[in-house]
Amino acid sequence: MSLILSNNYQALGESFSQQTLPAPVGQPSLLLWNEPLAKALTIPFTKDNDAELLSQYFSGNQLIEGSKPVAQAYSGHQFGHFNPQLGDGRAHLLGDIADTQGQRWDIQLKGSGVSDFSRQGDGRCALGPALREYIMSEAMFALGVPTTRCLAVVTTGENVYRERPYDGAVVTRIAASHIRVGTFQYFAARGDTDSLKKLTNYAINRHFPELIANSSENSSDNSDALKADNVISSQQVLEFFSAVLSKQIPLVLSWLRVGFIHGVMNTDNTTISGETIDYGPCAMMNAYHPETVFSSIDRNSRYAFGKQISIMQWNMTRLAETLLPLVDSDEDDAVEKIEPLLTQFHQDLQQGYLTMMAAKIGIDEPAEGDGKLINDLITLMKEQKLDYTQTFTALTDSLNDNTTEEPLTDVLNEWLPHWNSRIESFKSSAHTLMVSNNPIVIPRNHHVEAFLDSCQETGDLTALNKFLAVLRQPYTEIAETKNYQDAPVDGDKDYHTFCGT
C-alpha cells in the first residue's frame, strides 16, 4: 500500500508559493482520523492499522511520497482593509490527490510551522481550534453545505503559547483547491498580468474544465494552444468569472438556510471553488436576529448573519477588479463587459434567497405574496427572539401531526393561518420539502464549546464521537439526537468566538 501525491499547484512556479518544509513536532499522536473521507480519497490507511504512520505523515514529521510542501501566497481584504501580502503563515500544502471519481483535492497541514508569510507568528495551532474545525466542517458537510473538510487531527506533544499554554495540534484540511479571491488580488496588486493569466488558466483547468472544452469546440484552431499556460481569451475569463459566481450562490444560501455565521468573510477566506473555509470564529444562530455576530474581531458587525449575501457580492466585485486586465486592455470596456455578470449575480442571489426561505416553509415554487409571508415570519422571529432551528423544526413537525407547539402557536397566532392557507393543497409535499431543508440538530455553540473543553482536559473522545454521529445525520432523529437539540439556557449572552487555526 502506498500514498503518492501530485504537485499541480506547486508546478505554477515560485511566484505562487514558497517551498518550505513543515517543522517537526516532538511526540505526534493521531487523535482523529476521518475514515469515510480517507476512503473517498483512496488513502489506503486506517487508524486501527496505521496510526503511527498517519501521525508521522499528518504532523509533517514525515513527507508523503511525491510531496513538495509549499506555503501559498495571497493577499486579501481583511474587514474591508487591503493587505497586499498575507499567505500561509502556518500551513503547508503537501500536494493533491484524486478521489474515486477522478476529482483532485488539495491536502494541506495547518499548524505545521512557519513560512515567509508568518508575520511574527509561531506557525502553530492549539488543539481546541483544530477540534473545532473538525467538528464544524463535518457538521456542515452533513448539512449539505459546500465545505472544506478535515482528514486528521494530530496532537504534537508540545505546548502552544497564546494567553496561556495550550496543547498543540496539526489539522489536515482537504479542499477542492486553496485558490482564493486573495490569490488573484496578490498578483493584481503587483501588476503581474502574466501570473494572473497563469492562475486563471490553472483555475479553469482545475475547477471548470468544461470551459476549455467549449472554447476548443467553438475555436477554428483546435491546436494545443488553449492548453498553454498563458493563452486565455477574454471570453474565457468572463465565462470563468460567471462560473465562480455560480459557485458562491449555493454556498452563502446554505449558510443562511442552516443559521451559520462565518465570522471572517475576508477575501482571503473566499474560495474560487465555493467552499466554506476557515472555521476559526464561526458560530451557529440560536435566537434569530439578522445582526447576530459572535466573532470577537468583528467589532463593527461587518460579517453579521444578515450581511453575508451583501459581503459575498462585495468580495466578488473585488475578484472582478483583478480580472479586468484579462477581459480588455481598455479598463472602461472591461468594466462594461463584466458589470452585467455582477448585476445578474445580485439578482440570482435575491431570487435564490426567496426560493431557499420558501423551501423552509414548504413552498417549492414561490409565488406573488410569498416574500411577504416569509418576511412576516422572520420579523416575528426577530421580535420574539425565537430559536432559528427550533422554529422551523416545529413548523415541520406541525405538518406531520397537525399540531403546533403551544408557545409557538401563541407567538405566531396571526401568521400561522396565512401559512396554513398557502400550503393547504399540498401539505404532504410541503412536509417532505421542509424535512430536507430544516435540520433538527446543528452544532450548537454551547455544545461545541463543552466538547472542546472536555476533550482538551481529559483526552477522552467517547462523548465527542457520539456528538459527531448525531451531527452526521442532521435531518434524521437517532437515539442521541435529543441530547443536542436544546438551545442555551441563557441564550448567547457573552458568547464570543476567536480565530484559532
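Cβ coordinates come from backbone N, Cα and C, glycine included.
Copied over from Swiss-Prot:
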type: ACT_SITE; residues: Asp268; note: active site, proton acceptor
type: BINDING; residues: Gly87, Gly89, Arg90, Lys110, Asp122, Gly123, Arg173, Arg180, Asp278; note: ATP binding site
type: BINDING; residues: Asn269, Asp278; note: Mg(2+) binding site
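Recorded features from Swiss-Prot, shown on the structure.
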residue: Gly87; record: ATP binding site; DSSP class: coil
residue: Asp122; record: ATP binding site; DSSP class: coil
residue: Arg173; record: ATP binding site; DSSP class: strand
residue: Asp268; record: active site, proton acceptor; DSSP class: helix
residue: Asp278; record: ATP binding site; DSSP class: coil
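Gly87 (ATP binding site) is 9 Å away from Asp268 (active site, proton acceptor) when you measure Cα to Cα.
Other Cβ atoms within 10 Å of the Cβ of Gly87 (ATP binding site) number 23 in total over all chains. Here Asn269 (Mg(2+) binding site) is positioned 21 angstrom away from Asp122 (ATP binding site), judged by their C-alpha atoms. Around the Cβ of Arg90 (ATP binding site), a 10 Å sphere holds 23 further Cβ atoms from the protein chains shown.
In sequence order, Ala91, Asp106, Ile107, Gln108, Leu109, Lys110, Glu133, Thr148, Arg149, Cys150, Leu151, Ile277 are the residues of the chain that are 6 or more apart from Arg173 (ATP binding site) and have a CB within less than 8 Å of its CB.
In the structure as shown, the Cβ atom of Asp122 (ATP binding site) sits within 10 Å of 16 other Cβ atoms. Around Asn269 (Mg(2+) binding site), the same-chain residues six or more apart in sequence whose CB sits under 8 Å from its CB are Gly76, Arg180, His262, Ile277, Asp278, listed in sequence order.
Summarising the environment of Asp268 (active site, proton acceptor), the number of other Cβ atoms within 10 Å of its Cβ, over all protein chains shown, is 23. Between the farthest pair of Cα atoms in the ATP binding residues (Gly87, Gly89, Arg90, Lys110, Asp122, Gly123, Arg173, Arg180, Asp278), the distance is 23 Å.
The local packing around Asp278 (ATP binding site), expressed as other Cβ atoms within 10 Å of its Cβ over all shown chains, amounts to 23.
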